[in-house]
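A quick write-up on the structure given underneath.
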Amino acid sequence: MRNSWIQPRIGQKNITQMNFAKNGHITEEMNYVAKKENLPPSLIMEEVARGRLIIPANVNHVNLEPMAIGIASKCKVNANIGASPNASDINEEVEKLKLAVKYGADTVMDLSTGGVNLDEVRQAIIKESSVPIGTVPVYQALESAHGSIERLTEDDFLHIIEKHCQQGVDYQTIHAGLLIEHLPKVKGRITGIVSRGGGILAQWMLHHFKQNPLYTRFDDICEIFKKYDCTFSLGDSLRPGCLHDASDDAQLAELKTLGELTRRAWTHNVQVMVEGPGHVPMDQIEFNVRKQMEECSEAPFYVLGPLVTDISPGYDHISSAIGAAMAGWYGTAMLCYVTPKEHLGLPNAEDVREGLIAYKIAAHAADIARHRAGARDRDDELSHARYNFDWNKQFELSLDPERAKQYHDETLPEEIFKKAEFCSMCGPNHCPMNSKISDETLDELNNKLTKCDTSV
């Protein structure tokens, strides 16, 4: 779809959506996004130029269907997939991608760390994906050095970053906000550094006693990104890994640096979103969202969860969806899903499904709470179908039609019950919606009550 859009841009020094927007040009991607979001193209252009909205769309990802992440657009959901040294198969990861897109993932991150050829699995995922693909390049940088922090050089990091751009990755998590002077602030935490990328860079800085190379070479990374229109997802290396560590000095020190880097990327006209926690008590979620908006000049916020309790292994998709709904309500632009396997193991296909549905609920609830135009239309349509006992319509409008039908059919599987005015909860004689009271009856009652009031 995008081939004809991209061809005229070849050879230009800066082909980012932000660069076009700042120059008053509405791209085909902006027009496409405007139709999907039911917003004026001029507003999309203005928000991209301002940095409040991004369209992750690498020019080498030609089969991409552009989408928007930002406060002006609907709240989005990301799904993480990826092979590990202990569980790996390219075909399985491609199937996870397809399942994620089926159940509504707006973007997908390939977090593969080993066990397969990382280039091959990434290329297979990008080839099959119509949604933006994100990666964390430091994983492959470490793998390319055979797991040796000592052998990793600054150029190794940049080489992998450009390789990901060349392959069509739409956004990359760049852990540039973690500075060597932040590391002592981790003392006193219960869980220390829980970001894999952050942990790699912390070890690199400690070994070499040098500043974070992704920070010192940040302008070089911007030069790479502007050639491909790759978007920054600025990683939060010091995100809290438990409630005890939330909103501490380490997290907030890095956030301040992320704000500085956001504005530096904008001077290059490179798009940015900023990643956030993590594990946060409910009473601190609003503070975290507002603080990010303040420090990062309203760049789109992209949070993992956050989990609102630490005692829910096996059910972390529920704990985190509670926090995600609140974060979305307060203005977070994209929610990174958490699966039931979080903290326990690599998610399988069913875990991907469970996590995504939980997060589609959270994002949708946030859109309703933020009074986005049309956000509640589907809810109202389903409610009408429920009141009219239109079971097939209810299934169709559900976030997970297959699961809704499965649960209904466990007790009433015959086709005749698709027209029944009851379910197995109340049975045929006790459903309150079965005894409908007409509007005429209610009007008549209201008239009688009015007369009674008048006569008193």
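Even glycines carry a Cβ here, placed using N, Cα and C.
Annotated substrate-binding residues in Swiss-Prot are ASN80, MET109, TYR139, SER195, ARG196, GLY197, ASP236, SER237, LEU238, ARG239, GLU275, TYR302, and among HIS159, HIS164, HIS175 the one listed with them is HIS175. Neighbour counts were taken at the CB atom with a 10 A radius for the binding-site residues ASN80, SER195, SER237; the maximum falls on SER237. Under 8 Å, Cβ to Cβ, and six or more positions away along its own chain, HIS279 (Zn(2+) binding site) finds PRO240, GLY241, CYS242, LEU243, ASP245, ALA246, GLY305, PRO306, LEU307, ASP310. Remark: of the binding-site residues CYS423, CYS426, CYS431, the most isolated position is CYS426 (fewest other Cβ atoms within 10 Å of its Cβ). By the criterion of other Cβ atoms within 10 Å of the residue's own Cβ, the least surrounded of the binding-site residues TYR139, GLY197, ARG239, TYR302, HIS343 is HIS343.
In terms of C-alpha distance, the listed binding-site residues ASN80, TYR139, GLY197 place ASN80 closest to CYS431 ([4Fe-4S] cluster binding site).
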